[in-house]
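To start, the structure itself, in structure tokens.
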There are 2 protein chains.
Amino acid sequence: MGGARLDGTHDPALRSWVPSADGHPDFPIQNLPLGIFSPTGGARRAGIAIGDRILDLRGIAGLLSGEAARFVEAAGETLNGALALGAGPRRALRLRICELLRQGSPERAGIEPHLHEAASCTLHLPAAVGDYTDFYVGIHHATNVGRQFRPDNPLLPNYKWVPIGYHGRASSVVPSGTPVRRPNGQRKPAAETVPSFGPSRNLDYELELGIWIGPGNELGEPVPIGEAADRIAGYCLLNDWSARDIQGWEYQPLGPFLAKNFATTISPWIVTPEALAPFRAPQAPRPDGDPAPLPYLADEADAASGALAIELEALLVTADMKAKGMAPHRLALSDARHMYWTAAQLVAHHASGGCNLRPGDLLGSGTLSGPDRASCGSLLEATNGGREPIALPSGEERRFLQDGDEVILSARCRREGFAPIGFGECRGAILPAPSA
Amino acid sequence: MGGARLDGTHDPALRSWVPSADGHPDFPIQNLPLGIFSPTGGARRAGIAIGDRILDLRGIAGLLSGEAARFVEAAGETLNGALALGAGPRRALRLRICELLRQGSPERAGIEPHLHEAASCTLHLPAAVGDYTDFYVGIHHATNVGRQFRPDNPLLPNYKWVPIGYHGRASSVVPSGTPVRRPNGQRKPAAETVPSFGPSRNLDYELELGIWIGPGNELGEPVPIGEAADRIAGYCLLNDWSARDIQGWEYQPLGPFLAKNFATTISPWIVTPEALAPFRAPQAPRPDGDPAPLPYLADEADAASGALAIELEALLVTADMKAKGMAPHRLALSDARHMYWTAAQLVAHHASGGCNLRPGDLLGSGTLSGPDRASCGSLLEATNGGREPIALPSGEERRFLQDGDEVILSARCRREGFAPIGFGECRGAILPAPSA
């Protein structure tokens with residue numbers, strides 16, 4: 001299982017000489033996520049987040065050797081080439097960077113000039129996304145959405161057999177902080193006889209986990225389930241913005257298109273399988289009566305530890321709340337364990353017909369809602385299709401997102417005996433639609 | 001309207017000094033399509049097809065200047081950078097290459113060393129496909145397929161309002177000649193209660209027109225319908241291989257996924273809007289009672305001349321027919337005029353919500369069947385869902401494709417007073433599925 005091994009880099013007693021690292025909610029020395037950044041006025045380059053700083057990997061290349069050096073040499077303005085190398089170089093880099101950044105490292109003086117204040121850097125997409133696929137494996141979400149259409153039979157017959165997914169739009173995947181323009185599109189409310197074109201009235205977010213592909217597979221060559229975890233380079237947060245009114249009108253028979261391709265926001269740091277090793281978990285037991293996975297999706301080791309215990313949170317702050325200095329309001333608190341299929345199963349399924357995955361491809365999990373209203377990872381669910389608005393502390397209410405609203409996704413991994421780590425933010429604010 | 005202008009390059013009396021060009025069914029001097037090729041042992045480079053030869057554009061760069069030179073400078077191992085430049089440089093290159101290759105050109109001696117025999121070259125994808133979108137705008141196909149599910153009401157209510165499309169898989173777009181491995185996948189025939197995993201039994205082809213995007217648009221900035229044709233860099237043939245049994249089981253509610261992402265074959269030459277100028281046609285009149293396009297899709301000039309009169313043909317040759325030296329059997333003869341929406345309408349719709357198109361993106365038209373059985377561009381239609389097999393001249397019959405079968409798409413543009421041109425071949429043969 002890729003990255004499941006525990007080693008000295010997971011020691012909760014480890015401390016870093018970078019002052020902000022110890023106790024940092026997202027990026028203590030036990031995390032060391034990978035990204036692409038540019039310092040003010042500088043070019044794009046590979047970096048690792050440590051506390052509120054970013055370490056420039058090219059800058060310290062002289063302190064690396066062997067596999068760790070190979071990773072950095074393969075990274076350019078994107079990480080695609082480095083992700084392609086797989087777990088060996090990625091793990092070697094983690095081990096070495098941990099040595100270099102820990103308390104008492106003799107290299108501190110040589111490294112300090114290559115630490116940039118994260119707040120003054122621009123974070124980019126960590127890789128050029130060749131293809132983006134969005135799955136639908138949050139079973140509570142699929143049930144909640146299905147219930148709005150089919151109250152007695154919310155899940156379709158294929159749901160528990162097939163990891164349902166569709167191809168999304170790669171060009172509009174943007175890093176956290178990029179404003180999101182409300183889309184215009186065709187809307188046809190049930191009460192109207194013909195559609196009209198204009199700004200989406202039912203703009204929504206979706207709380208998802210993103211999965212980065214490392215080594216790919218050749219066209220026509222499936223990835224066996226036992227090798228699938230090794231194809232995963234890491235994870236991020238993903239907001240699959242969705243225009244529900246456009247979606248409802250356009251999606252039959254070929255699925256969502258313009259309703260979702262206007263933007264997908266991701267957190268810019270790749271949290272590696274190595275960093276997540278302490279937070280692996282058994283796959284949730286399938287309810288009685290659910291079919292066993294078909295053999296091409298069945299793997300004992302994956303079932304035993306292929307799930308991830310990651311708390312996922314979605315927050316909303318409106319323009320009015322910002323003006324009043326109010327804290328963001330929690331929309332949802334959920335967990336990645338609500339995936340009906342593991343990330344390895346998604347990879348094996350995706351490649352099972354021979355489709356080639358490439359380094360830097362991105363998969364979304366689908367919305368990861370929990371079983372109750374407080375854990376619903378979309379407004380469609382939380383407001384019951386817009387019928388039951390959410391009350392905000394500013395006195396406002398929301399059925400769907402308004403212009404000026406900002407959605408912030410975050411994550412937290414906690415386990416007794418390990419240092420907690422996070423993912424950083426996945427944030428986007430809504431701009432008004434262009435004139436139609 | 002991009003490329004609608006007629007000029008001296010369309011003169012049917014033009015002759016080339018390249019011996020095979022005159023009367024060549026695809027590539028006379030009036031065509032001059034763009035591609036990426038490599039000669040035996042050589043690197044990838046930009047070329048233009050002329051007769052049975054390929055002109056190496058870098059090789060003759062010294063004979064170009066101004067806009068034409070800019071096009072070639074922007075082309076590398078792919079044409080993405082050159083396509084991004086739009087109609088000006090593309091048209092300038094066409095004018096100059098026409099001068100250089102026509103009878104009596106004083107530059108013949110300098111050009112001849114840069115002509116490669118096409119049969120000994122490898123043709124590649126002409127551009128790196130950032131995103132591939134497949135539409136569904138062949139109205140006869142949509143009607144035929146819909147009738148199999150809903151005999152009385154084959155077209156869904158959105159069909160005549162929305163140019164229906166979905167995101168396809170970019171990584172598995174391959175050039176003509178690449179073998180296509182039959183996919184394994186989940187199949188659940190109606191007579192069985194649970195699905196099984198194994199080779200698709202209902203493998204099909206789809207006869208489509210491909211559309212290459214030239215200059216793109218920024219995220220959040222729609223493309224007005226009046227400018228949409230200028231975003232098109234050219235056209236190709238496209239075979240959207242489809243595993244109908246996998247499709248039938250997986251596609252609800254998010255559309256086709258593994259049923260189509262194992263391969264999409266395209267013809268490798270980009271036939272430009274300039275070459276197609278003589279073959280522009282009025283959009284087919286909408287039947288009485290059909291709604292007018294919404295304003296964001298309505299453009300008088302586009303309706304007057306935005307359609308394309310291109311005869312499209314699909315041929316099948318089985319392993320047995322090859323062994324017997326038999327000619328391929330025609331599966332379908334259809335026409336690109338069966339598109340319910342023009343290519344410009346597809347571009348404007350795609351960008352209408354702000355989705356960014358990038359140079360080298362590829363759009364498929366959807367299957368372009370005509371109104372009768374002989375013009376059905378898929379076996380699903382031609383065999384009525386596999387119920388009525390096609391008889392082949394070898395004595396074999398086909399409901400769907402067998403291993404060893406090869407499908408060949410071709411195209412022909414003809415109009416009185418102009419030289420006919422074609423697209424070259426879009427060809428793929430079926431290999432057996434990997435062991436499941």
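Including glycine, each Cβ sits where the backbone N, Cα and C put it.
Just so you know, TrEMBL annotations are computer predictions that nobody has curated.
So that you can see what the record holds, here are the features copied from TrEMBL:
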{"type": "BINDING", "residues": "B:Tyr136, B:Arg150, B:Gln247, B:Tyr251, B:Thr367", "note": "substrate binding site"}
{"type": "BINDING", "residues": "B:Asp240, B:Lys260, B:Thr264", "note": "Mg(2+) binding site"}
{"type": "DOMAIN", "residues": "B:30-126", "note": "domain 'Fumarylacetoacetase N-terminal'"}
{"type": "DOMAIN", "residues": "B:140-427", "note": "domain 'Fumarylacetoacetase-like C-terminal'"}
{"type": "REGION", "residues": "B:173-197", "note": "region 'Disordered'"}
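Structure with TrEMBL features highlighted.
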residue: B:Tyr136; record: substrate binding site; Cβ within 10 Å: 22
residue: B:Arg150; record: substrate binding site; Cβ within 10 Å: 11
residue: B:Asp240; record: Mg(2+) binding site; Cβ within 10 Å: 25
residue: B:Gln247; record: substrate binding site; Cβ within 10 Å: 21
residue: B:Tyr251; record: substrate binding site; Cβ within 10 Å: 22
residue: B:Lys260; record: Mg(2+) binding site; Cβ within 10 Å: 26
residue: B:Thr264; record: Mg(2+) binding site; Cβ within 10 Å: 28
residue: B:Thr367; record: substrate binding site; Cβ within 10 Å: 33
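Under DSSP, the residues of the region 'Disordered' (B:173-197) split into helix, strand and coil as follows: 0 helix, 11 strand, 14 coil. Between the CA atoms of B:Thr264 (Mg(2+) binding site) and B:Tyr136 (substrate binding site) there is a gap of 15 Å, rounded to the nearest whole number.
Surrounding the centroid of the Cβ atoms of B:Asp240, B:Lys260, B:Thr264, where the record places Mg(2+), the chain contributes additional residues within 8 Å, namely B:Asp134, B:Gly168, B:Arg169, B:Glu206, B:Leu238, B:Asn239, B:Trp241, B:Ser242, B:Asn261, B:Ala263, B:Gly364.
Listed binding-site residues: B:Arg150, B:Lys260, B:Thr264, B:Thr367. Those with a CB under 8 Å from a CB in chain A: none. According to DSSP, B:Asp240 (Mg(2+) binding site) sits in a coil region rather than a helix or strand. Relative to B:Asp240 (Mg(2+) binding site), the binding-site residues with Cα atoms inside 10 Å are B:Thr367, the candidates having been B:Tyr136, B:Arg150, B:Gln247, B:Tyr251, B:Thr367.
Across all of the domain 'Fumarylacetoacetase-like C-terminal' (B:140-427), the predicted model scores a mean pLDDT of 97. A straight line from the CA of B:Lys260 (Mg(2+) binding site) to the CA of B:Gln247 (substrate binding site) spans 8 Å. Mapped onto three states, the DSSP output places B:Gln247 (substrate binding site) in helix.
Taken residue by residue with DSSP, B:Thr367 (substrate binding site) is part of neither helix nor strand, so it is coil.
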